[in-house]
């Protein structure tokens, strides 16, 4: 039997070294152009982008060693295009990443393959799957290579105002207080230097400290929902039925994912609905999940269960973007906006936001004009909506459609979705172009969602209508409306479909440094 150490041996050979922390504060400017809180996907990419535009950037990250997560391992083609636009495409090289060309769907013994519509793009454009931590280290390394970026290991404790005190609502954010965590510096006695609380000032502070953000509450009105858990396994000696594709099994009670994350490893993610995991997780996986897997995947899955200590879990979170626009500060990444990770759209949204924000700030010769910068960041919250809302809505809607509830109409919708995608042509190209981030248009999303529903209705009413068919058709349409409309409302109808009509915050700063907002607009509606 393979030992646990042997199981980890391949992974250990590709653990990238920690990014060096710049612990010498003597050369720090009095005021940075940008402080970025968090060195994940959004934070590292944005720090790099701002450095390319000539800004002095302080990137603060509490742990510069390679992270280890079971999500954030699949970058959609649209996300790869954003990576290229930022000049960071080399970050998927040298980490044993895999090109991904589409998805294989499985339901009830049937299989459908849908491919990304990447014809017409350069040969390198495809999805990419990889170990999340390796990708993060490459992004951090790219940021650290810029002379105008200072990467420092530190834990941000609070935002500060222009007087250096703790920031309060109604004040301009002018920086942060952080606990400096020197990685290798020595104190006077020769031992490790103790952590120190330091302050840093900046014209713009961008918070990207991830899904567990402790600053989120200051810059948004978060309403987090926990629909399920992902339980992760790492499979070796596993040959996927369709190479270089993600695999989605429409199981009961919810979907199961398989995709390659290196040349010799396959990630399995089992969605477990609810706010608690089963008390005996290995038994649940053996009894409930394994029998529903295709035969080619069942053996490697059961073999991975022989090492229960390797079973990992993460609670999934849904967080609609609901920003409180604070001059001098901005939210990005999972700290700001999360959707169900079923479709792997999170990194695409984050990289798109970074690219858009960099484009919007680039015309400003300096970020020192608080009101000019605040106007740009206010516009950013609106202009990001069509793409982010399309990916968010698709992810959350697909999760609901693909989940089994026991309701007959819901199952009709679930089967209709599978069969619709299996038709190929425009029926698969349209939805997969949305999922891939290559065609992020909300109108196309709504069109295809209701085409799936009408496809299901047509099957129920043909060749001739029956009372049951009429009843189930009405019930199926009701299910479709119950799924899609609350998600769109949470994103904001005007912001999604008519962004130019969406309200923006009107902000003025008094001579005393306090902020006044227009009472007619208040906080920007999503």
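Just so it is clear, glycine is given a Cβ too, placed from its N, Cα and C backbone atoms.
It is 469-489, from the ranges 469-489, 490-510, that TrEMBL records as transmembrane segment. Checking TrEMBL for transmembrane segment across the ranges 425-443, 444-462 points to 444-462. With a threshold of 8 Å between CB atoms, the same-chain residues lying at least 6 positions outside the domain 'FAD dependent oxidoreductase' (33-63) that come near it are 19, 72, 83, 86-88, 135-136, 139-140, 142-144, 146-156, 175-176, 178, 181, 200, 202-210, 213, 215, 332-335, 347, 350-351, 353-355, 357-358, 361-362, 366-367.
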